[in-house]
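Chemist: Structure in structure tokens, see below.
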Amino acid sequence: MQSVIAQAKRIVVKVGSSLVTNDGKGLDYDAIARWAAQIAKLRSIGKEVVLVSSGAIAEGMQRLGWVRRPREIHELQAAAAVGQMGLAQVYESQFGRYGIRTAQVLLTHADLADRERYLNARSTLLTLLSLGVVPIINENDTVVTDEIKFGDNDTLGALVTNLIEGDALVILTDQRGLYTADPRKDPNAEFVDEALAGTPELEQMAGGAGTSIGRGGMLTKILAAKRAAKSGAHTTIASGREANVLERLAAGEAIGTQLLAPTGRLTARKQWMADHLQLRGRVVIDAGAVEKLTSGGKSLLPIGVVEVQGEFARGEVIACVGADGREVARGITNYSSAEARLIARKPSSEIESVLGHLNEPELIHRDNLVLV
């Protein structure tokens, strides 16, 4: 088995907090120097690299003299603001030794949920890569709340991979990779060297939360791989403690767990819809509509809508769920939530008489719909 990284041209590398900090006590300059050296090597063999790096909050805690990660959101935001300065400085310094420029890019979910901002972020990152710059990406923890509380850089790494149409995502952690069970508790646990991303059994194998410094456990990595696979990108989960792990992966050595994308890429527009983490509304659809969407590739008509939940405007991305609450698709709605409630369970021929106008005969056209 050969590493998929060997054939990848554009790679997103996510480095966890434990790999860039001294056990949470500020940044580990020597470790960051090693990451810069390895990425410089990848650049020298023609690969484009985007780095998603944790460590800002840990560095901020060190600079502020805090021993334990705070629970208050405003304190976490303050630590992130202070620590981001140090993180940017050390990366700039270390990459500068190889004549490589870096760029700091801080993102929030709102940046990727809005279509115009999404395209702007994409254009900026692709321009940076074309200029030979290594973008250093992190969540903009200073201005958001839910990302600090529930977010993680594994998910961000997958979103960035999809954003730039990357070939591969490398998630570096302090663990070897994925096991069938927790090897610390189960002596019969077997190592998983390769699997298809999105396989349901993988989520059952994955454990819970991460360290007290970081936020992501193995489950977040499995879900990140599943998300990245929707754009056709393969994911490697490997130990960042392995010597020269990035260089060895690029040389084709099989290290860690490879989660392969089972399908080709979604179109850019559908990828944007699939990557929405927060939706303002959803529609519950009947069994017939579920069948038409999942098997027939049809549009969603108002007559198939049983219930409208949430408040949304025309042009927003909403979820389509079955009677069991499971999301089957999502797409751009042609009608607001108020309008959708009025035309639900009605044939398209009655839309104009009910609303006084007709935007489209479909609630969501199949060209603006993606299965999940």
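Cβ atoms here come from the backbone N, Cα and C positions, even for glycine.
Computed from a predicted structure; not experimentally measured.
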Chemist: Thr173, Asp174 bind ATP in Swiss-Prot, but which of Lys9, Lys14, Lys346 does that record place at the same site?
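Modeler: Answer per Swiss-Prot: Lys14.
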Chemist: Tell me, roughly as an integer, the mean pLDDT over the domain 'PUA' (280-358).
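Modeler: Averaging the confidence scores along the domain 'PUA' (280-358) gives 95.
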Chemist: Using Cα coordinates, what distance in whole Å links Lys14 (ATP binding site) and Asn153 (substrate binding site)?
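Modeler: With distance taken Cα to Cα, Asn153 (substrate binding site) is 7 Å from Lys14 (ATP binding site).
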Chemist: So which one is it: of the binding-site residues Asp141, Asp174, which has the fewest other Cβ atoms within 10 Å?
Modeler: Asp174
Chemist: Would you mind splitting the domain 'PUA' (280-358) into helix, strand and coil residue counts from DSSP?
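Modeler: Across the domain 'PUA' (280-358), DSSP assigns the residues as follows: 26 helix, 23 strand, 30 coil.
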Chemist: Cα-Cα separation of Asn153 (substrate binding site) and Asp174 (ATP binding site), in Å?
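Modeler: Approximately 15 Å lies between the Cα of Asn153 (substrate binding site) and that of Asp174 (ATP binding site).
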Chemist: For each of the binding-site residues (Lys14, Ser54, Asn153), count the other CB atoms lying within 10 A of its CB, then report the residue with the highest count.
Modeler: Lys14
